[in-house]
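In what follows, a single structure is set out as structure tokens and then discussed.
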Amino acid sequence: MSERASIPKRDPEEVPERENGIEEVTTGSQSVIAALEQAGVEHAFGVQGGAIMPVYDALYDSSINHITMAHEQGAAHAADAYGIVTGEPGLAMATSGPGATNLVTGIADAAMDSDPLIALTGQVATDFVGNDAFQETDTTGITMPITKQNYFADHSDTVGDDVSEAFALAEKGRQGPTLVDLPKDITKGETDQWPNPPKTPETHDEPVEADESAVEAAVTALEDAERPLILSGGGVVKSEASEELRSFAHEQEIPVITTMPGLGTFPETDDLSLGMAGMHGTGAANMAVTNCDVLLGVGTRFDDRLTGGVDTFAPDADIIHVEIDPAEISKNIEADYPLVGDAKRVLEQIDDAMTDAPEADQWREQCQIWTEEYPLTYETPDDEPLKPQYVVETFDELADDDAIVTTGVGQHQMWAAQFWTYEYPRTWVSSNGLGTMGYGVPSAIGAKIGAPDTEVVAFDGDGSFLMTIQELSVAVRENLDITYVVLNNEAIGMVRQWQDGFYEGRRMASEYPWVPEFDKLAEAFGARGFRLEEPEDVEETIQAAREYDGPAVIDAIIDPAENVFPMVPSGGDNGLFALNEQHLEMI
Amino acid sequence: MPGPAPDQRMRPEGRRNTQGIRIDPEAEATHEPRMAVLSALVKHEPGVLSEVSSLFSRRQFNIESLTVGPTQDGDTARMTIVIEEPEPGVQQAKKQLRKLIPVIDVEELESAAMRRELALIKVAGDRPGDVQAVAEMYGGDAVDASKDAVTVEITGSKQKIDAAIEAFEQFDVLEIVRTGAAALERGSKTMDSTTMESDN
Ligand SMILES: Cc1ncc(C[n+]2csc(CCOP(=O)(O)OP(=O)(O)O)c2C)c(N)n1
């Protein structure tokens, strides 16, 4: 466990003071950077290349701190995570062609989770566009379905405004990724045009307040409810509505469940919290959502991982749907009371309109019974071999209360969602909607850059870790204090779990008996590596990794037989969740 | 003590259909598709048509036809999109369309709206007189005639054009091209580019 000599720790005193930003605009590139500075961008994640080089050249004089990533996918995920933890759009930069296509996964990921992200891509000079020139791709064409809006910059005088507008669109209304494609002649071209401040176009609707009469009607339904329930989604994070949600739930004494992106919007330590609902949600949350009579869904798009089969989702409930994006209303689940507006403001409106709290003593008692009947547990025969849930639980006990958790995608992601107790918004950073393996390593980097004083813990699977492991080099170079925990089951475990459950155990291409030793690999990158096999070493190893000032990787060799429960099979009935393999056969 | 197994648990009575709409547990399940004519006022700029058409294809809306052309004001274009969808799909299509940044306004036209489409029908030229006679029955015109072929232009509702094409089948039809519908509301009502109505 030696530190690598070739990578000296950076002494903050030695880093030269940066100049304070662009002073003069003479080229399109300078206008681009001026637009970013004007919008308040502090960090950029990217990879250099021919077509984007003029923009990078202008960045040389900028106050913006650029973090060179190992792969553009890493840049996009890091920027995405930065956007989640700060609420400000993260910035990802790439060159044309392969640089741009490497960004695509990260942009799609941000789109699915409505994360604010700006992608700047280089493009071949306009004379060459359409000629299949070297490193040309139709980037705006490719990213059209996965961006909120994209721009092909066609003039040096207006390129700065394109960037300003992209910035405004990424963060206003329903957040999401935007992209500006920057042909080399446009960025090199002369201009003295300072960009205008960020502003969304007139055709972009940003609803704030819900219609008053609609609020009245919804409130009446809620007041009359016998089995009321609040479902808190990712929109509550985005609109900073967590405080309003908490006080409203307490005042009206309504139990709360969350979606996966909504983790942290309501403290899981609260008596009214029933935890996360959906495919791997808690028994209590899924019983409650199935049996409620009024469901107040806030900032959620009723994703199928949450609803299971729509025919059995909250089948007795009147749905009150608070959503900033009108197109989400009745897309998957019909809303009886649509309330279009910003979650924070609409919750205030609802709160103001409520006169009587619903009478739901019996219902709350019932929810309490479910919580006791269906706790999140795992079997621990002597704790051998090492249980992943135990690792997550122990880490949670040792970590700071406001620590940020990032994840890859798979079983480990679900254990991190289930066995860590979330109390604050912006502490859960995960690929919820797209489910992108490889999200873990770079997202932890983006999270740490966005929240340098907060503890960052990344849970990863061996499969997911291998997909973006190269970004460890960035964590080392930037000396980021991140603790990576690889829950290593030598398999792409979630796939194997499904094969065992639904494909008669035919484990086609899901076992990885050839994974490298991640602790050693970490050392090769210049990080600190730990190997964890024995349950009695868990606490000590985690503490050692936490205390190490820089990126540390714990290769936790876990019980390969462990599976994620409870589970609602895909398209199934949330109320019929399985607690174990035998239940799966019953439903 | 773990709680009851799946088949022993508390269960509600209700049910939704596959479109997420709560229904009478005993009653019929899904909405039937209907034809809807959407009219969209959009910025007249490159890429808009592909944005709209790719939106419709990736969201699996059933397009019957899509036409586009500039309006009286050079900066905007008007699209007429005919779709066939069950009710939630029609609403969803409108809302998704409204979300696109270059889209200024979207309306569903009433069924009484003026709908016109144009067809050019090329038939074999050996009975030009008969061809002209049939064309006249449908208010059409022969717009090109050569020794071997006659091309007829017909404008009108979809039904009228369908009927005309059927009538031309008595000749040897060589080629047909149709534009898809362009539509406008009857009376003085117009689509205003300054108001963005948004219904839920
Ligand atoms: C990029 C990508 N490829 C494939 C998948 C399909 N997939 C979902 S979970 C999973 C297994 C993940 O394995 P690992 O990262 O080792 O985590 P584990 O489930 O073992 O905890 C796979 C292959 C995916 N989500 N993302």
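Here, residue 1 is simply the first one shown, and the rest follow in order.
Each residue, glycine too, has its Cβ placed from N, Cα and C.
Summarising the annotation, TrEMBL assigns region 'Disordered' to A:1-23 (among others).
The compositional bias 'Basic and acidic residues' annotation in TrEMBL covers A:1-21 (among others).
Averaged over the domain 'Thiamine pyrophosphate enzyme N-terminal TPP-binding' (A:27-140), the predicted model has a pLDDT of 97. Taken from TrEMBL, the feature domain 'Thiamine pyrophosphate enzyme N-terminal TPP-binding' covers A:27-140.
As annotated by TrEMBL, region 'Disordered' applies to A:177-207 (among others). Using a Cβ-Cβ cut-off under 8 Å and counting only residues 6 or more beyond its ends in the same chain, the region 'Disordered' (A:177-207) has close neighbours at 25-29, 31-32, 34-35, 38-39, 50-55, 58, 80, 100, 107, 110-111, 115-127, 129, 139-140, 143, 146-170, 324, 326, 340-342.
Here TrEMBL flags A:182-191 (among others) as compositional bias 'Basic and acidic residues'.
Secondary structure of the domain 'Thiamine pyrophosphate enzyme central' (A:215-350) per DSSP (helix as H, G, I; strand as E, B; remaining residues coil): 52 helix, 27 strand, 57 coil. Taken from TrEMBL, the feature domain 'Thiamine pyrophosphate enzyme central' covers A:215-350.
What TrEMBL lists as domain 'Thiamine pyrophosphate enzyme TPP-binding' is A:408-555.
Per-class residue totals from DSSP over the domain 'Thiamine pyrophosphate enzyme TPP-binding' (A:408-555), listed helix then strand then coil: 66 helix, 26 strand, 56 coil. Residues of the domain 'Thiamine pyrophosphate enzyme N-terminal TPP-binding' (A:27-140) grouped by DSSP class, helix first, strand second and coil last, total 50 helix, 21 strand, 43 coil. For the compositional bias 'Basic and acidic residues' (A:182-191), residue counts in helix, strand and coil come to 5 helix, 3 strand, 2 coil, using DSSP.
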